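Here's the structure, in structure tokens; my notes come after.
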């Protein structure tokens, strides 16, 4: 019989290093406040940027979809699993993103695994930022293309890598739009200029830019005014949109090709009618108003400014993501536990999610937080920070 003690030993080692992830169980819907282990806590670590995860309009849309379409698609989309509701979501997303077409997948993670190996082979070169998301890294691993990893946000290094890849049939530059652990932005205008100079494609994963950046939350491409110059946009429906799923946006020819070649599209069932309808409703709300997006930024600006006044190191974030840098993994884990005891739910992030020696509490501000919520958080961060000698 297999000896499972090897896994137990590895788990013990993770605990000793302060790298073991303790998974909390929610006993309430997503929102500014949660109930965990019977305790009411302020939620500072979800990706529910705009509060859509428990929004009445989305819930009603999901209920109506279940009544009309049932609970599941019943097949993959290429056989008998494409409802007109699915097509409506893709068409609405395309209009919202100002692209020709979109295709949605089961998650943003899956979207990266779908597109990268589908459009590259051993004759091609992929150039990837060193801090790109795990889903991009795994997508690149599924491709047979030659790989070049360029230094984080370093345009000069990217150009050197493009020169090294000059003999490739096709060159694909991939970057996160917003880097999820630090909150910094990709230098997308400079990347696009290099891509045009070296005849390369540009792909941006905008998981943390959707609903956050640009007019009405259209994302980083809109933020920089680069419509028509970025070949592939990857989006998620599980963060600011508050639901589930991911999508690929771009030229109609690309999307048609992916419907024939992308393995997750071909061999796995699509989103349920409820998820599809809720995501569609979220898109409609964003099209109607950017009030929530503005409120999100106002909240984030206030919280960051006050945290800096208290003496916390909040990194170089350019977005509502606020990393509270503690560096030591054990300290970060203890800080998170102390915050929870004070009524704050803010998880510690350590290796391998971030490099060793870069542990932090990643604070995620949302549009549904009130000033009173944020002041409560600031009070508790100050208390724990002083207790643990951080400030």
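The backbone N, Cα and C atoms fix where each Cβ goes, and this holds for glycine too.
Listed in Swiss-Prot:
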{"type": "BINDING", "residues": "108, 109, 180, 208, 236", "note": "pyridoxal 5'-phosphate binding site"}
{"type": "BINDING", "residues": "133, 353", "note": "substrate binding site"}
{"type": "MOD_RES", "residues": "239", "note": "N6-(pyridoxal phosphate)lysine"}
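Here residue 180 (pyridoxal 5'-phosphate binding site) is positioned 8 angstrom away from residue 133 (substrate binding site), judged by their C-alpha atoms. Counting other CB atoms no more than 10 Å from each candidate's CB, the recorded positions 133, 208, 239 peak at 208. The record assigns 108, 109, 180, 208, 236 to the pyridoxal 5'-phosphate binding site, and the maximum Cα to Cα distance across that set is 14 Å.
Straight-line distance linking the Cα atoms of residue 208 (pyridoxal 5'-phosphate binding site) and residue 239 (N6-(pyridoxal phosphate)lysine), rounded to a whole number, equals 7 Å. Rounded to a whole number, the distance between the Cα atoms of the residue listed as 'N6-(pyridoxal phosphate)lysine' and residue 109 (pyridoxal 5'-phosphate binding site) is 12 Å.
In sequence order, 181 make up the list of same-chain residues 6 or more apart from residue 353 (substrate binding site) whose Cβ falls under 8 Å from its Cβ.
The residues near the pyridoxal 5'-phosphate site, meaning same-chain residues not in 108, 109, 180, 208, 236 whose C-beta sits within 8 angstroms of the mean position of the site's C-beta atoms, are 47, 133, 135, 205, 207, 234, 238, 239, 246, in sequence order.
Cβ neighbours within 10 Å of residue 180 (pyridoxal 5'-phosphate binding site), excluding its own Cβ and spanning all shown chains: 23. Summarising the environment of residue 108 (pyridoxal 5'-phosphate binding site), the number of other Cβ atoms within 10 Å of its Cβ, over all protein chains shown, is 26. Counting only the Cα atoms, the space from residue 108 (pyridoxal 5'-phosphate binding site) to residue 239 (N6-(pyridoxal phosphate)lysine) is about 10 angstrom.
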